[in-house]
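A.B. asks: Below you'll find the structure I mean.
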Amino acid sequence: MATMNREFFLTQYRDEVNDHIRRITERLFQLEDHPGNPDQLLEEIFRIAHTLKGSSRMMGYHDVSTLAHKMEDLLVEIRDGHLELVANVTDLLFYCLDTINYLVEGVVKNVKRSADLEQFSQLFADVIAGKEIEVPHLQAQLSKTQPPEQPAAVVSSTPTVKASPVEEVEEQQYIRIHTGDLDAILNLVGELIINQHRYEGQWSAYAAILDLLRAHRQQIAELRQLAQHENADSKMRQMAEAFEQVNSALVQEAKTLFKRARTDGQQMHLAINHLQEQVIDIRMVHAARIFALLPRLVRMTARKLGKKVDLRIEGEETRIDSRIIEEMRDPLIHLVQNAIHHGIEAPEKRKNYGKDPTGILTISARQEGNRIVIMVKDDGQGIQTTRIRDRALKEGLLSHRDMNTVSEQNLFELLFHPGFSTSETIDDIAGRGFGLDIVRQHVDRVQGEIEVRSHIGRGTEFLLKLPLTLTMMNALLVRLADDVFALPTVAIEKTFDVAPNEIDYIGKTPVIAYDNGLLPVIDLRHLLFAYPYSGQTPVEAEERNFVREVERQTVIVLQAEERRLGFLVDDLIEEREIVIKHLGPCLKRVKNVAGATTVRGEVVVILFVRDLIRSADTLLEGAAFLPPRAKKETRNVRESAASKRVVPRILLIDDSPNSRNVQRSILEEAGYEVLIAEDGAEGMEILKTSGIDAIITDVEMPNMDGIAFTKAMKADEAFRHLPVIIVSTKGSSPDRQHGLDAGASAYIAKGAFNEQTLLQAVDACLKAS
């Protein structure tokens with residue numbers, strides 16, 4: 001009898017094992033959360049383990065089939081009521097699953113691996129005998145154990161920690177496609193797009209030929225008129241008529257060719273776009289694929305640290321490029337472990353703070369425009385900036401002079417410095433100085449960004465802002481002298497022209513007036529073509545091309561990771577979709593460069609916005625945030641100006657354009673100066689950079705609502721004296737009291753809103769302040 005070719009079935013076997021592990025894991029969590037009626041779930045787990053044992057035995061993988069058999073024995077004891085499903089029993093089953101996954105992955109990778117079956121036998125015997133056991137920790141299991149893979153073409157969903165018992169999922173037929181093959185197809189699609197752009201470039205050539213023929217037709221017509229003069233001979237007239245006929249035919253043929261080329265080009269554009277969308281869609285997988293590993297990670301980490309954590313997963317159905325989601329796997333593990341270790345407090349501590357003993361850890365994924373945003377948020381103690389300052393001073397990352405002037409965002413940046421940690425203890429979860437720097441490295445690899453938000457006593461939020469795909473992007477082409485560069489449009493906030501006399505200086509930093517504040521600017525050619533330096537005077541800075549004395553330049557405002565800075569360029573060329581070409585291993589990580597593309601046959605460098613802002617920030621000594629000392633100087637100037645103002649300045653915050661316009665009109669007609677913000681977050685930025693006398697705010701707004709804004713403002717000693725008037729559609733007594741408790745001086749329901757009510761409230765609040 002012929003020997004079975006196991007290699008032929010290996011991939012199918014691996015997928016089957018992964019599916020079995022996923023389904024057992026789900027049901028074990030459901031048993032922990034819903035212990036009241038375990039019979040059905042235990043029966044399902046037993047059946048899955050039995051199937052796993054049989055398929056492994058058939059493939060000849062003795063260790064895997066033995067472990068599955070031991071799981072069966074343990075489940076029988078639980079089902080028959082001889083053993084309770086307590087924590088160490090569940091831990092042992094998870095450890096068994098991890099080991100099975102470890103063994104199978106070794107087979108797939110052609111790496112010899114084995115399990116300590118004697119150890120497992122003893123563990124299972126002890127737990128069945130009712131003894132307390134200590135389940136070993138599979139080395140690096142959380143970094144090496146893949147979450148159960150699912151084919152990219154299969155739509156699936158993974159339940160959260162709090163899921164109810166699941167129903168059997170109907171099996172779907174599929175074929176497996178290696179992601180490398182999809183990458184190759186996408187690269188070919190990219191080449192098609194490049195050729196399409198070249199083809200579209202020929203349209204202008206056709207149009208030029210058509211214009212030239214039309215011009216010749218006019219000249220021939222004039223020649224024919226001369227030939228019809230009575231002194232002209234018949235041969236000349238015949239030649240003129242023949243030229244005109246030939247030219248008319250050429251013009252008609254050129255028109256036909258031009259229309260046909262344009263129609264073919266448009267059809268090609270639609271077909272290529274559809275092909276690109278289909279291939280990218282095949283590469284997309286649900287966020288559930290990466291979220292599947294989190295419940296066990298949270299459970300294990302929380303138990304090890306003696307904490308209680310309620311894991312909440314949102315947006316599992318969000319679709320993400322499979323390459324990006326695999327790249328984010330380790331960062332997500334680090335962020336979750338850090339949230340439990342550094343963020344969420346121990347139960348007793350939370351009780352003392354008046355919090356629920358169980359901390360909440362929220363993981364979510366959502367699409368925002370051309371980005372995917374993955375959020376890791378806890379309701380813990382928040383980031384203690386004093387500890388960051390102390391550790392940064394100790395490690396030489398901050399000087400004594402900078403201790404009291406460094407901004408919160410700059411402090412948060414230090415968390416990503418290699419080896420930086422505020423933990424006093426070192427263990428296998430945190431404190432070794434690896435973690436957030438690894439998160440940054442992985443996010444950089446996919447040209448993403450990280451944003452950190454934190455409030456003492458309320459928790460910390462990490463936002464990973466990632467591209468939709470690593471193959472294509474919309475970009476703005478800009479010119480610097482004779483060179484063309486590409487900037488991702490997702491990072492561009494605004495573009496506009498600026499004259500030399502509109503550029504001022506705060507210390508040595510060139511700035512322009514922008515968005516009710518000051519924006520640092522730098523010539524992009526200086527950043528790309530010159531060596532960094534510091535300590536120059538404004539005059540020297542101009543000589544060294546910080547800014548150049550030219551008639552007008554274009555400013556591109558770029559934003560990344562809570563930083564914003566203006567870059568001066570010579571010209572804007574066009575916005576277009578480009579194909580990202582990576583530079584290969586030799587040029588894998590070039591500062592300020594994200595990749596390259598080709599435009600009309602020429603190589604164009606794609607710039608990495610986060611690197612650009614960091615480079616400029618270093619060059620301008622922290623100007624991307626505006627240095628705290630510069631902010632202080634600016635604020636002093638503004639406060640001085642405010643003290644001389646006769647007209648009070650009102651900050652109006654409302655996300656409804658119509659509501660803003662109505663209130664603004666009323667206030668300006670009454671003689672007030674009005675500044676506008678669309679939500680509380682924007683309002684806080686304006687508040688920090690502009691002299692404000694009073695605030696009018698709506699309640700329900702994106703990003704930061706009016707209540708949160710009022711509380712944040714009143715918590716800041718610099719602004720708590722300012723009066724706040726809430727104007728909201730919510731007019732009930734509890735809503736009104738909620739607003740006043742937050743710190744509002746007055747509360748106006750929009751149902752009772754009129755011009756007199758608003759002006760009286762503003763006048764009373766200004767007099768009281």
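Cβ from N, Cα, C; glycine included.
Unlike curated entries, TrEMBL annotations are predicted automatically.
Grabbed the feature section from TrEMBL, which reads as follows:
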type    : residues : note
DOMAIN  : 2-107    : domain 'HPt'
DOMAIN  : 231-470  : domain 'Histidine kinase'
DOMAIN  : 649-765  : domain 'Response regulatory'
MOD_RES : His50    : phosphohistidine
MOD_RES : Asp698   : 4-aspartylphosphate
A.B. asks: Once the chains shown are all counted, how many other Cβ atoms turn up within 10 Å of the Cβ of Asp698 (4-aspartylphosphate)?
C.D. replies: 25
A.B. asks: May I ask for the distance between the residue listed as 'phosphohistidine' and Asp698 (4-aspartylphosphate), taken between their Cα atoms and rounded to an integer number of Å?
C.D. replies: 60
A.B. asks: Sort the residues of the domain 'HPt' (2-107) into helix, strand and coil with DSSP and give the three counts.
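C.D. replies: Residue counts in helix, strand and coil order: 88 helix, 0 strand, 18 coil.
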A.B. asks: Take the Cβ of His50 (phosphohistidine) and count every other Cβ within 10 Å, whichever protein chain it belongs to.
C.D. replies: 15
A.B. asks: How do the residues of the domain 'Response regulatory' (649-765) split into helix, strand and coil according to DSSP?
C.D. replies: 57 helix, 23 strand, 37 coil
